[in-house]
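*Asks:* So Swiss-Prot says this about it:
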- 24-106: domain 'Lipoyl-binding' (DOMAIN)
- 65: N6-lipoyllysine (MOD_RES)
């Protein structure tokens with residue numbers, strides 16, 4: 001079974017978020033997603049300062065099996081991108097919850113962030129969505 005840390009929130013699109021500050025979240029792909037994708041060979045991410053809309057595509061991940069869209073779990077402004085993925089996209093496979101993170105999103109309205117997080121899945125609920 002895939003690794004599903006209990007301290008994260010999850011989307012139906014197999015992305016995780018971790019609150020790093022009151023107004024900022026870190027976003028990445030789940031262990032299930034990376035194992036389903038196979039070897040990741042390229043990750044396309046937006047520039048710092050780009051505006052994201054929850055539920056809308058913000059980039060792509062290309063693997064030996066397919067190209068998949070990445071979807072924003074929250075609305076906000078990209079405050080950091082993982083530039084290590086440019087030269088080492090395989091970090092998404094080897095360390096999806098650590099060095100393989102994708103981007104940080106700053107949300108100016110903390111109340112809106114609280115509401116957005118409340119709509120995401122906890123670890124147990126996410127685990128229940130996975131096909132065995």
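Using the three backbone atoms N, Cα and C, a Cβ is placed for every residue, glycine included.
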*Asks:* With every protein chain in view, how many other Cβ atoms are within 10 Å of the Cβ of the residue listed as 'N6-lipoyllysine'?
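*Replies:* The residue listed as 'N6-lipoyllysine': 11 neighbouring Cβ atoms within 10 Å.
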*Asks:* Using DSSP, how many residues of the domain 'Lipoyl-binding' (24-106) fall into helix, strand and coil, respectively?
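*Replies:* With helix first, then strand, then coil, the domain 'Lipoyl-binding' (24-106) has 15 helix, 35 strand, 33 coil.
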